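Enquirer: Following this message is one structure expressed as structure tokens.
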Amino acid sequence: MTISPPEREAKKVKIVVDRNPVATNFEKWAKPGHFSRTLSKGPTTTTWIWNLHADAHDFDTQTSDLEEISRKVFSAHFGQLGIIFIWLSGMYFHGARFSNYEAWLTDPTHIKPSAQVVWPIVGQEILNADVGGGFQGLQITSGFFQLWRASGITSELQLYTTAIGGLVMAAAMFFAGWFHYHKAAPKLEWFQNVESMLNHHLAGLLGLGSLAWAGHQIHVSLPINKLLDAGVDPKEIPLPHEFLFNPELMAQLYPSFAKGLAPFFTLDWAQYSDFLTFQGGLNPVTGGLWLTDTVHHHLAIAVLFLVAGHQYRTNWGIGSSLKEILEAHKGPFTGEGHKGLYEILTTSWHAQLAINLALFGSLSIIVSHHMYAMPPYPYLATDYGTQLSLFTHHMWIGGFCIVGAGAHAGIFMVRDYDPTNNYNNLLDRVLRHRDAMISHLNWVCIFLGFHSFGLYIHNDTMSALGRPQDMFSDTAIQLQPVFAQWVQNTHFLAPGFTAPNALASTSPSWGGDVVAVGGKVAMMPISLGTADFMVHHIHAFTIHVTVLILLKGVLYARSSRLIPDKANLGFRFPCDGPGRGGTCQVSAWDHVFLGLFWMYNSISIVIFHFSWKMQSDVWGTVSANGVSHITGGNFAQSANTINGWLRDFLWAQSSQVIQSYGSALSAYGLIFLGAHFVWAFSLMFLFSGRGYWQELIESIVWAHNKLKVAPAIQPRALSITQGRAVGVAHYLLGGIATTWSFFLARILAVG
């Protein structure tokens, strides 16, 4: 008879939380900087307020205990979710209280979405445009109306109840944030239990989340949208619960519902093909993806993620161990391979965050490129303002996330990287090859820059000399993007070959016929030519320069030939101390700062390209005589010179925002003006020296002393790093708001 030792018995139930670790205490709220010994003493100079902002969320500097840092981050995530739910609730509330949603639902091709009405204080009611259907309000471009229709929302009452649900969820999130920091805080081992986390996130969030959405779409969205598409008045459509509990009602729309679950259990799944389709392309009634296709997609995704959520080994001895996977990952030329990466990713949340930001940023950019080619919601494709806004929004979000990845990778290198644990693994080998990588990348940037820009300069010169036959264009020296055209054609032909079950290709942008809704183009084949080939290489150039700056910042964050002990100076420092000239702007932080400007360049050119290309070659009206595009196909003729971009895009299309005064678009004119000012204001911070301001401040303080009104808190010029941070923030804010007002005034006027 064997008696198992007592410790094995006790291990069955793991206690992975600490009870009541931190008392709830509101007194800290009244003490700014309570987390830092220096800051909590209060301000002696104006630098205090800047340091307070810089360090308030930098949990690493407040404690070195990884468990405490993890708990703070975890708790802060719940707070973030609470804020998101409040924002969402506000959106739904505006839809319920201040919008023309019910009118839009009856005629989405003529009535424009609006969910905000400006109060008449001193003439502001000029901003309320006539959006159709007798409604005066601001035209919105967020895409919520289209999303709500796809969800099967048919009344403002439903929006009200959802808004209340959002507030309930927000309250639950705020409570959870408090509870899991003050009452039951997870232990470090819980945060480091990656297999359980993967299983729960994959199976729970992504698997069950997709399954729940697929279920909602099948039982609520599909029947309601089918009736809406057929022209049934929203007030006549049965309520969601009637479809849920009345199979006969569903069977009238989708006959397979009469058979119940029998086909599912007998594996005769083809019976369900009336609501799980594989049509491809767009619904000609709404200009959006077939909702039966998107249901099929979410059901398939749910199955994949539910399987994926059972792959990792936890309490039962089956499944993969992430540490084993990583350590087995060795190639013939990669030394120790991924050995040591498991330890990095379970002890450095900056490393983890850097990877997640890079992937999520890339995903956001992929989303923006899919949403115009395959508009997921009904009547989204013909709402040009919303299409342009969604593309621009997801591009910006992606750009910021990718720069954030560079930032947190740099912080990881400075604060968390331990060379002794990373001998000859992939990270160590990348660091040892960094000179070869950066110099090659630098060569690529120079090559792309000179060649892509050189094509434009050549064309501008030939154009100025009156020699169009010597220009690179579709009518003279052609540089056709043959590979892109081949990819387009391959996708267009896919239903016959690689996707035999699909009835059409994924998007009309590959080729085929124009999809028009209410006389407006939803999507049509996008022809690519010399002008696209040229701007594509400008995209390649700006993206490679952004990567060069960010990657150099990460790879040289700890040391360089110039400053071998850089790691000791920290993540951000202005220069390597007195007596070492030429060592300024070398910190990892400064690389993020510089990377932001090139990210701005990259994204600007992408959204300008998109805006002009769509107006020239896709968006427009359809009549018996064919398609009439907004700018009449001028992209191919004009976008191959710099002068063409300046004259026929920026200048020609800014007339709407410049002449918006006195119309409902006048707010965009004011934003355009104000944002230019904010942008120009940034240059004062970016081009000036700290000493200049310190001298000025001291003369102003002298004047105050003369008048005996000297302040108790001593004024100080911004530090070099603070000045740069303020500068780049205003540069980006000004640039983004300028672009936003320029785009919207233009597209709302002509689209």
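For all residues, glycine too, the Cβ spot is worked out from N, Cα and C.
Copied straight from Swiss-Prot:
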- 73-96: transmembrane segment (TRANSMEM)
- 159-182: transmembrane segment (TRANSMEM)
- 198-222: transmembrane segment (TRANSMEM)
- 294-312: transmembrane segment (TRANSMEM)
- 349-372: transmembrane segment (TRANSMEM)
- 388-414: transmembrane segment (TRANSMEM)
- 436-458: transmembrane segment (TRANSMEM)
- 533-551: transmembrane segment (TRANSMEM)
- C575, C584: [4Fe-4S] cluster binding site (BINDING)
- 591-612: transmembrane segment (TRANSMEM)
- 665-687: transmembrane segment (TRANSMEM)
- H676: chlorophyll a' binding site (BINDING)
- M684, Y692: chlorophyll a binding site (BINDING)
- W693: phylloquinone binding site (BINDING)
- 725-745: transmembrane segment (TRANSMEM)
Enquirer: Within 10 Å of the Cβ of C575 ([4Fe-4S] cluster binding site), how many other Cβ atoms can be counted across all chains shown?
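Expert: The Cβ of C575 ([4Fe-4S] cluster binding site) has 16 Cβ neighbours within 10 Å.
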Enquirer: Checking distant contacts: for the transmembrane segment (436-458), what same-chain residues at least six beyond its ends satisfy Cβ-Cβ under 8 A?
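Expert: Hits for the transmembrane segment (436-458): 430, 471-472, 479, 534, 537-538, 540-541, 544-545, 547-548, 551-552, 555-556, 640-642.
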Enquirer: Determine, to the nearest whole angstrom, how far the Cα atom of C584 ([4Fe-4S] cluster binding site) is from the Cα atom of Y692 (chlorophyll a binding site).
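Expert: Spelling it out, the Cα of C584 ([4Fe-4S] cluster binding site) and the Cα of Y692 (chlorophyll a binding site) are 18 Å apart.
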Enquirer: Out of C575, H676, W693, the binding-site residues in the record, which is closest to M684 (chlorophyll a binding site) when you go by Cα distance?
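Expert: With Cα distances computed to M684 (chlorophyll a binding site), the winner among C575, H676, W693 is W693.
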Enquirer: Do any residues of this chain, six or more beyond the ends of the transmembrane segment (294-312), have a C-beta under 8 angstroms from a C-beta of it, and if so which?
Expert: 194-196, 198-204, 206-211, 213-214, 217-218, 221-222, 275-278, 319-322, 376
Enquirer: Do the transmembrane segment (591-612) and the transmembrane segment (665-687) come together with 3 or more C-beta pairs under 8 Å, pairs six or more apart in sequence?
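Expert: No, the stretches stay apart by this measure.
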Enquirer: Within the same chain, where does the transmembrane segment (198-222) have neighbours whose Cβ lies under 8 angstroms from its own Cβ atoms, ignoring anything closer than 6 residues to its ends? I mean 6 or more beyond.
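Expert: 150-152, 240, 243-244, 250, 253-254, 275, 291-292, 294-295, 298-299, 301-306, 308-312, 314, 322.
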Enquirer: Quick one: what's DSSP say for M684 (chlorophyll a binding site), helix, strand or coil?
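Expert: SS state of M684 (chlorophyll a binding site) = helix.
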Enquirer: Select the range from 73-96, 349-372, 725-745 that forms the most Cβ-Cβ pairs under 8 Å with the transmembrane segment (388-414).
Expert: 349-372
Enquirer: Relative to the Cβ of W693 (phylloquinone binding site), which residues of the same chain, six or more apart in sequence, are found under 8 Å away?
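Expert: Spatial neighbours, sequence-distant, of W693 (phylloquinone binding site): A717, L718.
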Enquirer: By Cβ distance under 8 Å, which residues at least 6 away from the ends of the transmembrane segment (73-96) in the same chain are close to it?
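Expert: For the transmembrane segment (73-96), the list is 57, 59, 115-116, 142, 144-145, 148, 156-157, 159-160, 162-167, 169-171, 173-174, 176-178, 180-181, 186, 191, 349.
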Enquirer: Show which residues of the chain containing H676 (chlorophyll a' binding site), separated from it by at least 6 in sequence, have their CB under 8 Å from its CB.
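Expert: For H676 (chlorophyll a' binding site), the qualifying residues are G734, T738.
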Enquirer: How about long-range neighbours of the transmembrane segment (349-372): same chain, 6 or more residues beyond its ends, C-beta under 8 Å?
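Expert: Sequence-distant neighbours of the transmembrane segment (349-372): 69-70, 73, 380-381, 387, 390-395, 397-402, 404-409, 411-412, 415-416, 523, 610, 614.
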Enquirer: Give the helix, strand or coil assignment DSSP yields for C584 ([4Fe-4S] cluster binding site).
Expert: coil
Enquirer: Round to the nearest Å and give the CA-to-CA distance linking Y692 (chlorophyll a binding site) with C575 ([4Fe-4S] cluster binding site).
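Expert: Rounded to a whole number, the Cα-Cα distance is 18 Å.
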Enquirer: Just how many other Cβ atoms lie inside 10 Å of the Cβ on C584 ([4Fe-4S] cluster binding site)?
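Expert: Its Cβ has 13 other Cβ atoms within 10 Å.
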